[in-house]
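Chemist: So TrEMBL says this about it:
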- 21-457: domain 'Amidase' (DOMAIN)
- K72: active site, charge relay system (ACT_SITE)
- S147: active site, charge relay system (ACT_SITE)
- S171: active site, acyl-ester intermediate (ACT_SITE)
Amino acid sequence: MDIKDIIDKYKNREISVEENTKNILEKIKNDDTNAYITFDEEDSLKRAKLLDEKLASGAELGSLFGIAVAVKDNISYKNMNMTCASKMLENFRPMFDAKVVENLLAEDAIIIAKTNMDEFAMGGRGKTSYFGPVKNPVDKTRLTGGSSSGSAAAVAKEDVLIALGTDTGGSVRCPASYCNILGYKPTYSMVSRNGVVSMANTLDQVSVFGKNVADIRTIAQVIEGPDEHDMTVRLDDYKYEMDTYDFKGKKIAYIPSDDEMHMDIDSTVEKDYNSALDELKKLGADLSPINLKYSKYANPVYNVVMSSEVSSNMSRFDGIRFGYQSDKYTSVDELFINSRSEGLGEEVQRRIALGTMYLSADDNQRVYRQGLKLRTLIKQELEEVFKTYDLIITPTVTNLPPSLDDDYQDPLSDFKSDGFNVIVNLSGMCGLSVPVRKGISGSVQFIANANEDSKLLNAGEEFLRRLNEN
């Protein structure tokens, strides 16, 4: 079942939008994975009734007519709270819709729920939420991965066909891999960030979960495009072209297993990666190993850039302007300190502290400046690869989903597994995580050059089709 099938059922009067929405709301009410933070039954059913009336009137229908979309809880929808899974914003209600939400509503979608996430999108496991961790629908003894944990779970257990997350360093592709679904991170600047709570401005990108590429392509076409309130977004519309991708003769680069970037890779993930390479060879692809001189430093570079931007962005949550305010203070300084220490979790505080250190004036921002230089070298290195190769293929992450009981003693462990993800964010390119087989397993990531998103999705669609045939 995909978006087209559902809309056809509406048009053929096999099911009403209201009836389908009620069915989805029942699934959300009975959720046993902690995937959701907020839903509003009255709001959703009211919109469903209006859409049924629109269908009856004979009016032109939007491309997402009656489709329920789950949205990560750092994306603003004025009819529901936006908590960022933090005590700091536990009762915050936004005053306007994010640009992506405006686009969805304009195409007759229904915002069915706000999904759980790592607090302020900081975490790679789905465990730092103030509202508790999200269980992996594939194996409920494991975590979903993060930070877009709830959106991944919602799609994996088929409550919704499609869900939005944000991807700063793999926050959609990692949980997609853990939950055995597709995760697409568009080219940076493809989608407006207006109305999305910033974690790291130069890395964040609204991204998409789905179970098939056709649905991802449909929603991606809706959320892309210019926005006068976001000066980083492209000035023209991007057309997602659907075409059959023929792997035969295509030059595809891969990072071999003995490369430093494969350090500490799980044996199952490595086996599934090699299986995917074998499949590409069968399809006639011309595979070549590459050595990335600078990209092996992607994790520390990402840590520096991300933490520095986090430190700046999180300064607005001070206990005065909005959000949680401590009642234990005798001075303004105490108000700041106590509101932030009580309202923000340990992982968020850790990244703020790191970023503040990297930006410290007495060091003339030496570490941060070096990070920016290396980021440029990583981007240039990947651009050079794409002068010869059509695509790059990597493992999505280097490990399998952690146990729900993981005590999370090593704060660097999230970064270690995401090296193949963060090169995409640091370079502004696009990436797609594709499951290799069913169940708890490794996934592969296809990477394409900036603004070659159509090619990326077409390749992923053909690869998935061939896997399903086998």
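Using the three backbone atoms N, Cα and C, a Cβ is placed for every residue, glycine included.
In terms of burial and nearby residues, how do these features look in this structure?
Modeler: When Cβ atoms from all protein chains are considered, those within 10 Å of K72 (active site, charge relay system) total 32, not counting its own. In the three-state DSSP reading, K72 (active site, charge relay system) counts as strand.
Within 10 Å of the C-beta of S147 (active site, charge relay system) there are 37 other C-beta atoms, taking all protein chains into account.
Every protein chain considered, the tally of other Cβ atoms within 10 Å of the Cβ of S171 (active site, acyl-ester intermediate) stands at 36.
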Chemist: For the domain 'Amidase' (21-457), what's the model's average pLDDT?
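Modeler: The predicted confidence over the domain 'Amidase' (21-457), as a mean pLDDT, is 96.
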